[in-house]
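Since the structure comes first, as C-alpha cells, the remarks are kept for the end.
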Amino acid sequence: MSYVQVMIEHEVLSLNRPFTYFCSFPIQKGCRIRVPFSHRILMGLVIEVSETKPETSYEILDAIEAVDEHPLLNGELFDLASELSKDSVSSLMSVFKTMLPAAYKPASKAGGEVFETWLIKDPIPEDELQRLKLTKKQKEIYEALPLEIIRSKARKEFSASIIKTLEAKGLLRLESKLKTYQLVHQKKLKQPPELTESQRMALFAIEHGDHRPFLLHGVTGSGKTEIFFRLAQKALEQKKSVLLLVPEISLTPMMIERVCSRFDVPVLVFHSRLTKAEMASEYQKALLMDYGIVIGTRKAVFTPFKNLGLIIMDEEHDSSYKQDNTPKYHTRDAAIFRANYWHCPLILASATPSLDSYARAARGIYQLVEMERRISNTVSAIHLIDMKSERNIGGISVPLIQQIQKRLERKEKTILLLNRRGFIPVMKCASCQEVLLCEDCGIPLSYHKKEQALVCHVCGRHYPVPEVCPNCHKRNWSVVGLGTERLEENVRDLFPQAKIVRMDADSTRTKNAHEILLNDFEADGDILIGTQMVAKGLDFEKVTLVGVLQADAALVRADYRAAETTYQMLEQASGRAGRGRYPGEVYIQSYNPEHYVMQSIVHHNYLAFFKREMNYRHLGTYPPYIYMASLVFIHEDPTLAYSMADQWVKTLREQGVNVFGPLELSMRQKKSRIRILIKDKSIENLRNTCWQVAKKHHEKSRQVKLEINVNPMMLEE
Ligand code: ADP
Ligand code: ZN
C-alpha cells in the first residue's frame, strides 16, 4: 500500500504537475501505471512513491493497475529529465516522452512492442514425470528441448503435436516475452593500426586531462575515430559501457561497421528509423546490459546504463543534435550531465567545432585537444571558382567539368554537393511573375520531377502541377534555380557513361536507403550527388574530387549562424576528398569568393574564421557573447497571435528585459507564427524570464500556442 505521484499527459493539465493516487498493489518509481482521470482511464508515469498520505486539495482516487513490472527510468534519468525540463523551459512530461522509446511512452497511445510466446521447462521431480506416463518419443523430445525456447521454433524443429501434448500435460509453461531483434552483426575483427605521432599526443592529452569535457578539434581525416576506439577499449576493459553519438542517421551504418569489426562486445543501436518494436527491444537490452557500446543519434543520449565509462559526441557542431520540437534540448547538455553523473570523460569531436564550443575551450571550460594533420599527410587543394566570370553548363563550371572528366578516366570518384533537393527549387510564371506558394506555409514550392508534383520543403505537403498559371491563366512556367534532381539530369547529359548515385531526403525515405546508396557508390559509382548529407563523415578511399555548387546560397539566410553553418558545410565537404592514398581536390563555386568564409576555407584556417566570426558576433551582440531565447506565438488568427506577442514585448520591456520583435514568420499548417527574441548576459535570468512567460501565458490563454527555444541553433523563418 502506498501513495504515488503520477505524471499524466492530458490536454488540460497545466505544466509540470503530478497527481496523487492511492496504490493497493506494489509499484516502483519509473514504472507506468493506469489511473482514473476525469471520467477516463489514462496512463501515467510514477515519479514518486511514499508511505504517508500527502496533502492534496482533491480526493485521492485509487490507481487501477501497474503497466510495467520493472522501472523504465532510473534515478539518473529522472534527474536528467528534470534538468532538461528546467533548462529548456518545457514540461517534464514532454521530456519523458522524448526520452522513452515510442512503445513505452506514458500516454494512452503507447504500444507497438512485439511479444513472442516462449516455452519454459521448469524442473520436475522424476516420480512426477513417471506419473505422467509419457511415450518413448514424447520423453525423448521433452529431454531434447532446451530450458527456454520460442514456441513456434519448438513446434517447427520438433513435432508440433508432441509439443502440444507436453504443454497440455503441464510440462511446459508458456511465457510471453518481448521479441528481440538482432540489429548489428559481428564482423571479422581487425587489428588496430599503429597510432601516428599526432594521435599519440592527442590520446596522451585526453588520458592525462581532468574532469572537464574535451573538445577534440581534428581536421577531417586526422584519425579521430581511432582515438575514440582506444578510449573505448580502456572503458570496456574496466567493464564499463561506451556511448557513441553521431548527428545523423546516414552516419550510423559506417560507424556500426567500424565498431563491429573492432570490438567483440554487445553493440546496441538507436535511431529514428527503428520500428517501435526494434526500439523497445534495444531499450530492454540496454536495461539488462552490463557493458557494451551504444551507437546512435540524439535519442541514444537517453539510453539507461548500469555503468557508463565514456561518452563520445562525434561532429559535435551539427545542428541535428538540437531537437526541433518541444522539448528543444541540446544533446550536448544531456551528455555533459551524464558525464558528470558517471565521472566519465566526454569527448566532443569535430573538424569544425561550433563557435560556442571553441569559445568555451578558449575560456578553459573545455580542454582543447588539436590534431592538425591528416593520416595520409595530404592536404586537399581548394580551388575557388568565381561564378561571376566563369562559364558553366547546367550549373557546373567548365573547370569542374574538366576535373570530373579526369576522374572518370582515372576510375576515381567524385562527390557533388548542392544543398537543395528537388528539380527546380521554384516554379515561376514567366508571363506574370507569379510564384506558386504552399497554402499552409506561404513559401515557394519546389518541383519534383519524378513524382510530377510540387512539394513544400517546409511542411512536406504535395500539390499537383497546375496546367496554367492560376493568376494569369497562361501556360508559361519557367525554371528558376537548380536542385539535386535537376543536377543529376544535367550531369547525366554531360557524362552519359558515368554511374551516378543521388542522395537526398527524397532518395533516402525508405529504411535502409542510406546504406544501400552508399554501398552502391562505393562498389561501382562514379559520381555521388547530394545535399549536405553527403558532406558529413563519409570515408571513401577513392573520392579524389569534391565539387560544391552554389556554395554561398546558405550565406544569405537571415540567420546569425549563416556564416558558421556555411563554413562547416564547406570544410566538411572538402574533407571527403583525398582520404586515401590519392590526394584530393576541391572545387567551390561561389559568387562571393572574397567572403571570409571562402577565404578561410581556401587556406584551411579555422582560427582565422573563428576570429572574424567572433568579432561579428560581438558587434551584433549574438551568442556566444550573450544568451538568446526565441518565443513563438502560434494561432490561426494572425491578429490574436500578434497582440499576444506584442503585449509580452511591452511587459518584458517594462521589466528591463532586452526583447526584440514581434516579427511575423512564415505560416505553418495554416497558422500564423509571431516571434519575439530575448537576449540576456545571464542564462539563469534568461530561463527565469522564459518560465515566467510560459506560466503566465498558460494561465491566460490555452488557444495561442507558445513554443520556446532556449539557445536556438537556428532562428525560425
Ligand atoms: P576523422 O574522423 O578524423 O575524419 P578517420 O578516423 O575517419 O578520420 O580516419 C581517416 C582514415 O585514416 C580512416 O580510413 C582510418 O581507417 C585511417 N586511420 C586512422 N588512424 C590510422 C593509423 N594510425 N594508421 C593508419 N590509418 C589510420
Ligand atoms: Zn507547406
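Easy rule for this one: first residue shown is 1, then count along the chain.
Cβ from N, Cα, C; glycine included.
Annotation comment: TrEMBL describes 205-371 as domain 'Helicase ATP-binding'. Annotation comment: TrEMBL describes Cys429, Cys432, Cys469, Cys472 as Zn(2+) 1 binding site. Feature annotation from TrEMBL assigns Zn(2+) 2 binding site to Cys438, Cys441, Cys456, Cys459.
With Cys469 (Zn(2+) 1 binding site) as the anchor, the candidate binding-site residues are Cys438, Cys456, Cys459, and the one with the nearest CA is Cys438. Neighbour counts of Cβ atoms within 10 Å were compared across the binding-site residues Cys438, Cys469, Cys472; the minimum falls on Cys472. There are 15 other CB atoms within 10 A of the CB of Cys459 (Zn(2+) 2 binding site), with all protein chains counted. Under the three-state DSSP scheme, Cys456 (Zn(2+) 2 binding site) falls in the coil class.
Among the binding-site residues listed (Cys432, Cys438, Cys456, Cys469), Cys438, Cys456 have a CB atom closer than 6 Å to some atom of ligand 2, in sequence order. Listed in sequence order, the binding-site residues from Cys438, Cys456, Cys459 having a Cα within 10 Å of the Cα of Cys472 (Zn(2+) 1 binding site) amount to none. Taken residue by residue with DSSP, Cys429 (Zn(2+) 1 binding site) is part of a strand.
Take the CB of Cys456 (Zn(2+) 2 binding site) and look out to 10 A: across all protein chains shown you find 21 other CB atoms. The domain 'Helicase ATP-binding' (205-371) scores a mean pLDDT of 95 in the predicted structure. Comparing Cys459 (Zn(2+) 2 binding site) with Cys429 (Zn(2+) 1 binding site), their Cα atoms are 23 Å apart once rounded.
Neighbours of the Zn(2+) 1 site: apart from Cys429, Cys432, Cys469, Cys472, residues of the same chain with C-beta atoms within 8 angstroms of the site's C-beta centroid are Ala430, Ser431, Gln433, Glu434, Val468, Pro470, Asn471, His473, Lys474, Asn476. Sparsest Cβ environment among the binding-site residues Cys429, Cys432 (other Cβ atoms counted within 10 Å): Cys432.
Note: the Cα of Cys432 (Zn(2+) 1 binding site) and the Cα of Cys438 (Zn(2+) 2 binding site) are spaced 18 Å from each other. Rounded to the nearest whole angstrom, the C-alpha distance between Cys456 (Zn(2+) 2 binding site) and Cys429 (Zn(2+) 1 binding site) is 18.
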